[in-house]
Amino acid sequence: MSSFILWLSGILGFDDSKAEARLAAKRAARAEAREIRMKELERQQKEVEERPEKDFAEKGSRNMPSLSAATLASLGGTSSRRGSGDTSISVDTEASMREIKDSLAEVEEKYKKAMVSNAQLDNEKMNFMYQVDTLKDALLELEEQLAESRRQYEEKNKEFERQKHAHSVLQFQFAEAKEALKQREEMLAKHGIILNSEITTNGEPLDHLSHVSHLGSPKVPQEEINALKSSSDGTLDIRLKNLVDERECLLEQIKKLKGQLEERQKNGKLENVRSEEDILENGTDIHVLDLQRDANRQISDLKFKLAKSEQEITALEQNVIRLEGQVSRYKSAAENAERVEDELKAESKPKRWGGSPEGPSPGPWLEGHDSWTP
């Protein structure tokens, strides 16, 4: 694609250079023609200026024989008529010369005005031709800008479609995460577990669970939450439910064992009046001690299992907090996608209508091109 763009830009640059060369050649030819025209006009003006002088000299040479003949004829007449004839001839000659000069001045004035008007018309013609060339270049530039605008519009439209698809995917993921979070909150509320988040003095977050059970169950420690979060088999809600059920079963077993131990202790108190030697010799009391040791061992095992379940619950709660962070990130990403979608919509509207809210209004120079709306 980049090579095609470089090739196209090279062709356009070559065409621009050829157009500039043609325009420069036209301008040089016009300047040369203008110089030749001005020289021709100067030559014609000199000829026009010299022509009246030649005509006047020729008229004078033609009038000289007639004047000499009239003079010779007048010499044969009386002396009084000679003086009056000379005066009339000189007056006629001066009047004709004055008329010739006036007509010559008038012709010269008309010629100068015609030359000035011709020069002005020639300049206007050159200006109009230059304006036509400039408008052609502007038309080519506008066509290129139109093609570039259409290409950018297509790219923006494709980008908008991609962003729209990504936005729909993020919305779907956000809905799934929100539903999972809602189910988790319902499960925690069902078992009386309340989430709290505190900040330590060094700025690190400290997450823990405070359990408020409907049956008065004890507080769940942090190890149980960590163990619950680190469990990897099954979904989050199923693991939470299983661990809570197991914890309740263990608590019931502990209560039963404590009750049995109390009964054994009560039975043992009745025989504590005997001496220590009798207690050691009595097999029943030794059996009671064995039962107490077994009960203590079972209690310690149950406590270990309870601590392990507390660790699992703690791990599961950390996983819940992590999912909450993912939900917040998905939410922010969805908001960003919506904002990008709105920006792309706002950008695509001026591109589609050419920046005018009333729609495109193509001029006569757009005749023969495709319609504006792609």
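Any Cβ shown, glycine's included, is placed from N, Cα and C.
The stretch that TrEMBL tags with coiled coil, taken from the ranges 184-211, 212-239, 240-267, is 240-267. Away from its own ends, the compositional bias 'Basic and acidic residues' (336-350) comes close to residues 153, 156-157, 159-160, 163-164, 166-167, 170 of its chain (Cβ-Cβ under 8 Å, at least six residues beyond either end).
Here the compositional bias 'Basic and acidic residues' (336-350) has, by DSSP, the following mix of helix, strand and coil residues: 15 helix, 0 strand, 0 coil.
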